[in-house]
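What Swiss-Prot records for 182-194 is compositional bias 'Acidic residues'. The disulfide bond feature in Swiss-Prot is assigned to Cys106-Cys141, Cys340-Cys351, Cys510-Cys544; the stated evidence is similarity to another entry. The phosphoserine annotation in Swiss-Prot covers Ser745. Residues annotated as phosphotyrosine in Swiss-Prot: Tyr792. Under the heading transmembrane segment, Swiss-Prot lists 710-730, citing sequence analysis as support.
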Amino acid sequence: MWLQLGLPSLSLSPTPTVGRSLCLILWFLSLVLRASTQAPAPTVNTHFGKLRGARVPLPSEILGPVDQYLGVPYAAPPIGEKRFLPPEPPPSWSGIRNATHFPPVCPQNIHTAVPEVMLPVWFTANLDIVATYIQEPNEDCLYLNVYVPTEDVKRISKECARKPNKKICRKGGSGAKKQGEDLADNDGDEDEDIRDSGAKPVMVYIHGGSYMEGTGNMIDGSVLASYGNVIVITLNYRVGVLGFLSTGDQAAKGNYGLLDQIQALRWVSENIAFFGGDPRRITVFGSGIGASCVSLLTLSHHSEGLFQRAIIQSGSALSSWAVNYQPVKYTSLLADKVGCNVLDTVDMVDCLRQKSAKELVEQDIQPARYHVAFGPVIDGDVIPDDPEILMEQGEFLNYDIMLGVNQGEGLKFVEGVVDPEDGVSGTDFDYSVSNFVDNLYGYPEGKDTLRETIKFMYTDWADRDNPETRRKTLVALFTDHQWVEPSVVTADLHARYGSPTYFYAFYHHCQSLMKPAWSDAAHGDEVPYVFGVPMVGPTDLFPCNFSKNDVMLSAVVMTYWTNFAKTGDPNKPVPQDTKFIHTKANRFEEVAWSKYNPRDQLYLHIGLKPRVRDHYRATKVAFWKHLVPHLYNLHDMFHYTSTTTKVPPPDTTHSSHITRRPNGKTWSTKRPAISPAYSNENAPGSWNGDQDAGPLLVENPRDYSTELSVTIAVGASLLFLNVLAFAALYYRKDKRRQEPLRQPSPQRGTGAPELGTAPEEELAALQLGPTHHECEAGPPHDTLRLTALPDYTLTLRRSPDDIPLMTPNTITMIPNSLVGLQTLHPYNTFAAGFNSTGLPNSHSTTRV
């Protein structure tokens, strides 16, 4: 290459001039100088053979070079008969393996309709760029990339010039610093990096996507490794059909993508010491779907002992898209498309193994909105039970966990109904909520109540007619349900027994054309700051106009993340110090990130004005956690008829409503039965059973009579039940007080006449045994009926095959009636006093 690029053009003249001779001499000198200054290629030994990497300088004077080992195999190729099977250890090799090029990515297809609602903004806005990272996919794709920091002479020199009294400078200048020492102002023992000259912490990144696409090759871990003095690892794992197909039985159990991640962690645990890493300080982190994978890994016994800490960015195992509860349905659809739909699942899987990977991944199988077609499944092994049950049992308490969300995660959920200039109309708002309820909760009897209550909660009544306000609240609705509530519940369950937990809310994003100007920090906006992209400038995937504030915030985030990987505490050992960017101190130097606990719920607001706050969106979290599950089952608990709003009979034939997606695709949903806005039969918009179904929603302003009637009915019902319960208890107590007066005296030996005067009803009440109920059922025609005491049995999410399942958030203790309803702990779905570390009984759950 040098001969092609650096050799000057020489003339064939027999008598070269002095100038040409001088150029030739200078060229040879430059070659010698380049060869003498070029660092030798790093090599490292592993249990499977030797690797040769490359030392790569970074385009920043504060960042030292990084040794990169790309395309390191961590498992045997899952090809042929090994397709749809757990991974196996990689084969050994002889000689030195060249690890200087990215490996092939796992087979995937981003040219069909991708589920944009689950993908980060920087991914969906740059699909053409993303396509360049997934060219020439191959089933032989189970490789990882290792980024190892080296000595940073330039950064040390700059730090010593700025602070000559630092220990590393007093010991003999920058040249005396050992590889691995941090540049923090560690004059005090409390600021010392506990492993300065020893083994480095390891951070393993699980890429996101939608379980259908993605690769670790898209994320460069060099800046994070160099700045944070940690070893960063990215990896590929099987995605889509090849990674998560499941028949629901032993023929194809599924979860191969998760098993790939576990095998990668096993390889790291056994080999990272050769790279200078500490196998006792391995942190797994990810964003979006990657965060859901991390959350699931903390619940699996297969990953025990393979890592110690987890950073969960904008995701949770409790999100609706984290687990696939209908794997057989989508496997059958795939088998139909490729001609493998046979009754015997073993034969079906054998047939699918004979198909090419390209044929399988190119099949366009669209899941229900807010769900996944191919993803992790509850198989009784890798994921032994429902994630919320596992969290209740404390399966993840041995890990230190840091987790959080971005301010406007739900941007992609509303982009299709948003006018960039005018906001969201009232009709679009109503339709979005109705579609949300249909896709997540199906068509329960109490769907109208649930829908109207959600709209009530997410209407800004002080500015209800402002389209921009509707747009903001609609983004908040999806953000709260899909990200905030699952993350807060995860944090509560992890922290309630004292396990180290840290929570954050990310409120900053770079300026770019990838999303609207009105948007907040959207899904995936924290990723460039975690990996230090602002320090090296815009990239093809992150074409932002980074400012000094962006560089400062990226340095802050990397310090927090790497501190947590080092000690389990984001505040130490390295203090926040970005004076090499700004001459004045940043606000983070005065902020101490407090631990999270279920009572105070302290979290760090990460933005240009950082602060520690408490109870992040507590009202909305309580709404989704406690009220919505009861509203969903409202029809089963009691029946009532609204007296203020005319409700049409339920529409048993749901017509199909086609909606254009932002990317040009269409998706079909069933039209919900909408209550009319006005009860006047003569009004233009009134409902008429003889008329054909009109538009989905009326354009006229609504008077919210339905919401008012629902609120009044629910409140009155609860009040009435409380009065009945109180009256029953008072009646029983009064009877017990009067019972001694009615019993015969021993001296008199009589008393039968007194008892005989009591009515038969009172006599029966006095003779009730302890197994009877205090309140018997009323006449069958009563609107409200008091039944037996509630049976709090853990109800899993189940649904018919033709409607999507409920979200993981709807696992709740559902009473059979409202009588005797026990008070639930604010952070627990079990009744107060129940030991949540174990299930209520061995038969209280049913595997979906």
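Cβ atoms are placed via backbone N, Cα and C, with glycine included.
Fair warning: this is a prediction, and the values are worked out from it, not measured in the lab.
Neighbour counts of Cβ atoms within 10 Å were taken for the disulfide-bonded residues Cys106, Cys141, Cys340, Cys351, Cys544; the minimum is at Cys351. When the C-alpha distances from Cys141 (disulfide bond) to the disulfide-bonded residues Cys340, Cys351, Cys510, Cys544 are tabulated, the minimum falls on Cys351.
Annotated pair Cys106 (disulfide bond) and Cys351 (disulfide bond), C-alpha to C-alpha distance, rounded: 21 Å.
Under the three-state DSSP scheme, Cys340 (disulfide bond) falls in the coil class. Using a 10 Å Cβ-Cβ cutoff, Cys510 (disulfide bond) registers 23 neighbours.
In this structure, the CA atom of Cys351 (disulfide bond) is 48 Å away from the CA atom of Cys510 (disulfide bond).
A gap of 48 Å separates the Cα atoms of Cys510 (disulfide bond) and Cys340 (disulfide bond). Taking the C-alpha positions, the distance from Cys340 (disulfide bond) to Cys544 (disulfide bond) comes to 47 Å.
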